């Protein structure tokens, strides 16, 4: 203040401020004036442009926002994985160009889908019931983009053999955080195509399969998935009350109420119902369920055929996608399907899609948090220069890398099975790891994204930054396609139905990878830690199995988590540095140093 009082401004400041002469700022010294000197009251001072608040009441500082950069170029782990397993220049060029388009165009579409969620118009202006679901223009753009980019088609064209699924899922991994949740209808579209393919592409679903896997926007269809009823949830065997009434032409009409119908604006759907016999009776349990295909269409009067949309769901997240309660009143369906057996093929696909979205959400929030750490200054230095903040980001990175590699290995196994090159061990691993990867990544996504929001401080809590939406949308990942507990029990069923063969395949595979990693002396502590975890898990399974079904059920979640954490420690056998190892504190320390030294993005860590 004393330095400020020594400055005398000649004249006055006549700059206009909010349309009026700027007010004079008067400073009075707290010291006693010397005898004979001018009083401080004789000095009139005005604020100058050198003062922080001279230009405006809100001050001159504005925090730089985090900048989204090309997610493919910025993701060293993704690029390193592809270099090791799928070193194809065509794929690299496609993903790099797609990543650039996501940044320059598509990410804004996704934001518009969030800001303009779907709405339901029950009646037209003249009182006729139309049940029209209005979606944003960007939601429609997402559909065209998905077709042109082959986000479903790549998995069925199989241009890259057993690695086609990995390529497809890598592209969806980039797309998911910017998609405005359009990856959800794509998951169900992929699942529907898989079901049709598994039961045989023939009439009347041949045309649907062609459309579901098309790259032409005017041909491409999406599929809904209308399984859940008020009584059932995941328990479709006892919860499905919908009945299918046979028609003379061999088709069926469906009557029932579907409590959750995802992607209700889709072009077609797969749904469950119980076929009525001649006396109007149905068979209870899973044996009585059949899977049906239906096209969603409107009559000349604009009304949905056989459908009434009761209301759209008001959800915590995933607000971009229309989810509705539907009354099925005579919905015409195709011939009887295989019921629960067919759902298994669909769930394999949709659970993998769910896991891809989980890993992608973690990567996106971490990418933004890292960029922000290089822009935000607190306590005299950037966030990236604070060791504690760097350690937090490092731990998020470990979880993100583990999730990515776990998901990609399951995608690899799926590709091998579809390509006919899967061994018996591969098939067992795919069956076991599909529920494991979904339950584990779903829970980790919520934790990592929540931590990521915290790294932005108060801005992470502000809706207009778009950051809270990532967390709200992540919450559905541990719920959709089976909660964590439901999937943990699915792991137990998988073990029982295979007579323990899936666990034998798991331990055989992990031990072979451990043997390969043991040749690197720098990994000795990590190998020892993981090897001990494997032994402990084997011993636990023996003890738990001897204590009865209730004990094993109570331990199901811990078992599933252990399977996931051990597998993520070495699920990329081609990576000599064990790119992710959740058990190695030395690896975490190396990663911490790496973040401090590298602002542009993570670089692969060498074995040395």
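Placement of Cβ uses the backbone N, Cα and C atoms for every residue, glycine included.
Source: prediction; values computed, not measured.
Annotated features, as they stand in TrEMBL:
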type   : residues : note
DOMAIN : 69-216   : domain 'Adaptive response protein AidB N-terminal'
DOMAIN : 225-329  : domain 'Acyl-CoA oxidase/dehydrogenase middle'
DOMAIN : 337-493  : domain 'Acyl-CoA dehydrogenase/oxidase C-terminal'
DOMAIN : 501-569  : domain 'Acyl-CoA dehydrogenase 11-like C-terminal'
Feature contact check the domain 'Acyl-CoA dehydrogenase 11-like C-terminal' (501-569) with the domain 'Adaptive response protein AidB N-terminal' (69-216), CB under 8 Å, 3 or more pairs: no
Within the domain 'Acyl-CoA oxidase/dehydrogenase middle' (225-329), residues counted as helix, strand or coil by DSSP: 7 helix, 49 strand, 49 coil
Taken over the domain 'Adaptive response protein AidB N-terminal' (69-216), the model's mean pLDDT: 96
